[in-house]
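> The structure that follows is given in the form of structure tokens.
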Amino acid sequence: MSSTKIHLTKAAFTISAPDIRRLPADSGIEVAFAGRSNAGKSSALNTLTNQRGLARISKTPGRTQLINVFEVAENRRLIDLPGYGFAQVPLAMKKKWQKALGEYLEKRQCLKGLVVLMDIRHPLKDLDMDLIQWAADSDLPVLALLTKCDKLSQGKRSSEVLAVKKALSSLNADIQVQAFSSLKYTGKEQADAIICQWLEQEAQEYELPEEDDFDDSDEFTEEE
């Protein structure tokens, strides 16, 4: 069977879910986008899909509290996960959506690639590293997208990319690092190619877990 040809420009919003129980069936292939609340995740999604209003951009970091699903082809989805690391959010709310993030990462079998977005000026903070380490341990390919690279000179941008590559090389995992700018479209073509390659894999059938398999202990822990 030939693989599905993917065009990110065909992405269409389908649902916002508070947890994985309300997501589409765990089949096909998903690529998830995760990052700190001010990493420019929504802007990156809009740029990659050439749709200015696909992902809502909030001026208040920490507003994205749901798992947002965008379908790019039949059984091929982009997943916008809740942002993490923003302090000015009520603790109860923070725990609720960080639990949703952790459950998704641990339980979603159709997840085949993870895009971790980091401000190029402040990459690899503790939660970023935790997320990338988890992906490496799970044999999940990662695209480390260093956003807002238009804020740096070409020389500084290159040195930051090299520094991140060096820091992640010890994980011996499938991790690619790319400078990215939603404003200047820097890195758009390269990121598009990587994400589409993930989505164009052959999908496998999975045995869905029973409802009792989900427990409250599965949580992506937020630092205080």
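For all residues, glycine too, the Cβ spot is worked out from N, Cα and C.
Got these off Swiss-Prot a minute ago, pasting:
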{"type": "DOMAIN", "residues": "27-201", "note": "domain 'EngB-type G'"}
{"type": "BINDING", "residues": "35-42, 62-66, 80-83, 147-150, 180-182", "note": "GTP binding site"}
{"type": "BINDING", "residues": "SER42, THR64", "note": "Mg(2+) binding site"}
{"type": "REGION", "residues": "205-224", "note": "region 'Disordered'"}
> May I ask you to report the DSSP-based helix, strand or coil state of GLY35 (GTP binding site)?
strand
> Measure from the CA atom of SER42 (Mg(2+) binding site) to the CA atom of GLY35 (GTP binding site) and give the result in Å, rounded to a whole number.
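So the alpha carbons of GLY35 (GTP binding site) and SER42 (Mg(2+) binding site) sit roughly 10 Å from each other.
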> For LYS148 (GTP binding site) and SER42 (Mg(2+) binding site), determine the Cα separation and express it in whole Å.
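Spelling it out, the Cα of LYS148 (GTP binding site) and the Cα of SER42 (Mg(2+) binding site) are 12 Å apart.
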> Say we define neighbours as other CB atoms within 10 Å of the CB. Which of the binding-site residues ASN38, SER42 has the fewest?
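Least crowded of the binding-site residues ASN38, SER42, by Cβ count within 10 Å, is ASN38.
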> In the predicted model, what is the mean pLDDT computed over the domain 'EngB-type G' (27-201)?
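It averages 90.
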> Count, for each of the binding-site residues LYS41, LYS148, the other C-beta atoms lying within 10 angstroms of its own C-beta, and report the residue with the smallest count.
LYS148
> Reduced to three states, what secondary structure does DSSP give LYS148 (GTP binding site)?
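Looking at the DSSP assignment, LYS148 (GTP binding site) belongs to neither helix nor strand, so coil.
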> So how many other Cβ atoms are close to LEU66 (GTP binding site), meaning within 10 Å of its Cβ?
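Taking all protein chains shown, LEU66 (GTP binding site) has 17 Cβ neighbours within 10 Å.
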